Amino acid sequence: MKGNETMLDFRTSKFVLRISRDSYQLLKRHLQEKQNNQIWNIVQEHLYIDIFDGMPRSKQQIDAMVGSLAGEAKREANKSKVFFGLLKEPEIEVPLDDEDEEGENEEGKPKKKKPKKDSIGSKSKKQDPNAPPQNRIPLPELKDSDKLDKIMNMKETTKRVRLGPDCLPSICFYTFLNAYQGLTAVDVTDDSSLIAGGFADSTVRVWSVTPKKLRSVKQAADLSLIDKESDDVLERIMDEKTASELKILYGHSGPVYGASFSPDRNYLLSSSEDGTVRLWSLQTFTCLVGYKGHNYPVWDTQFSPYGYYFVSGGHDRVARLWATDHYQPLRIFAGHLADVNCTRFHPNSNYVATGSADRTVRLWDVLNGNCVRIFTGHKGPIHSLTFSPNGRFLATGATDGRVLLWDIGHGLMVGELKGHTDTVCSLRFSRDGEILASGSMDNTVRLWDAVKAFEDLETDDFTTATGHINLPENSQELLLGTYMTKSTPVVHLHFTRRNLVLAAGAYSPQ
């Protein structure tokens, strides 16, 4: 037993119990009257009793929060301030195309579109009171290509479908057929043009899902012949002979468990059982760097929404923050008591969330590496995380089939979505946060009404020091739809910029 990691956890860290003062007095009196000194010593030595004043909790309230390897989180753990607001968007003028103008006038509804544009612009100019200072962590400068991409994004945004209970998104499912290599990870670029799959045969495959084929940059000798001043230099450097729908990236020596595209679509990250994270160039389709730091399997990796930084988590129980140009991690997030299964950046890039096999979710501050939130309540290892687009909420999914919703600012669970019958392996909010999509090993995609789930939150209840929550028992009312696949576990979900859902998984014949 001495070598067992779980035993070591129990012996070196105290199990946390949250008890009201009255209950604690009763327990103490009972044990002292019965002369149960032995038990009382164990209680004092191995339990951390977090006493609160006021009414004890109901069984349902306690059941909602228990389940983690080390008991509940101490209330102190969720008290520190978190800047969950979004950073100000850079100001970019959106040039109106002539054809856009004419097209709108023909349809006879130019009035509708205009105010929407202003609202999108004005929303980002005001500084969010809950946002971190713009320079709290150094973020990369925007390149011209990034600005062009932002403009494309804004144009797509005007064509975005407003989702709601009466207007559900269509779901486009990419099924990997004959994936006898064993599909273990999927990612889709933000503009939905590329899809990557990580496989158990240690390959990474990249597909183009648009008619545009994937091309590599020409060899150095050919590049020197190109006139660098020409307008179409970016076209000329591409080698037409290499055009294909699929590229296979070789380099890992174990199953690939995580994949993530950079926001500018120039790079792809992959993490593997071989203990490394690799950075691939999507210009040359070769491996640029292998980051070695985890000595054990790396279960997940993700790029920051601003690029440059990325996070990885693995079997060694820690998550690491890296920058693409450093070969060693910049931060090490240590505290989980078991594998870190999934890692996600907050939309403002100042925080990282990790989900672990110790059945807790932690939120870490990128600036100093501190743990600023611990969320307990899942009854099994956590396999999926996603932040709401406004940065205020976090949704988590686990092997218990439940999706839990958390208010980051207050550090409290605010909802529980029951319906899946197996591990929830993917979660995504729609682009405006109206709908939460969850995908599971039970071969279904479910859509939940996120607006309704978050709207009834009474902040006065929150401020009560006990952290009691009354979870509404209405998760069936929040379920907007369930979509079965024939026999395909849903590994990944993605909302396009126009709010179409893309889902992916490998067909597994029964």
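Easy rule for this one: first residue shown is 1, then count along the chain.
Each Cβ is built from the backbone N, Cα and C atoms, and glycine gets one as well.
The feature domain 'TFIID subunit TAF5 NTD2' is assigned by TrEMBL to 1-47. Here the domain 'TFIID subunit TAF5 NTD2' (1-47) returns a mean pLDDT of 86 for the predicted model.
Taken from TrEMBL, the feature compositional bias 'Acidic residues' covers 94-105.
Taken from TrEMBL, the feature region 'Disordered' covers 94-148.
Residues or ranges marked as compositional bias 'Basic and acidic residues' in TrEMBL: 117-128.
Secondary structure of the repeat 'WD' (176-217) per DSSP (helix as H, G, I; strand as E, B; remaining residues coil): 0 helix, 22 strand, 20 coil. As annotated by TrEMBL, repeat 'WD' applies to 176-217 (among others).
The repeat 'WD' annotation in TrEMBL covers 249-284 (among others). Same-chain residues lying 6 or more positions outside the repeat 'WD' (249-284) and placing a CB less than 8 Å from one of its CB atoms are 143, 145-146, 149, 182, 184-191, 193-194, 196-206, 214, 216-217, 290-303, 305-307, 310, 312, 314, 322, 324.
TrEMBL lists 291-322 (among others) with the feature repeat 'WD'. Residue counts for the repeat 'WD' (291-322) under DSSP, split into helix (H, G, I), strand (E, B) and coil, are 0 helix, 19 strand, 13 coil.
As annotated by TrEMBL, repeat 'WD' applies to 333-374 (among others).
Under 8 Å from some Cβ of the repeat 'WD' (375-408) lie the Cβ atoms of residues 64-68, 71-73, 78, 82, 84-86, 130, 338-339, 341-348, 353-357, 359-363, 414-429, 431-433, 436, 438, 440, 442, 448, 450, 453-454, 457, 462, all in the same chain and six or more residues away from its ends. Sequence annotations record features per position, and here TrEMBL assigns repeat 'WD' to 375-408 (among others).
As annotated by TrEMBL, repeat 'WD' applies to 417-449 (among others). Away from its own ends, the repeat 'WD' (417-449) comes close to residues 157, 160, 162-165, 168-169, 171, 173, 380, 383-390, 395-399, 401-405, 475-495, 497, 499, 501, 503, 505 of its chain (Cβ-Cβ under 8 Å, at least six residues beyond either end).
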Helix, strand and coil totals (DSSP H, G, I; E, B; other) for the domain 'TFIID subunit TAF5 NTD2' (1-47): 31 helix, 7 strand, 9 coil
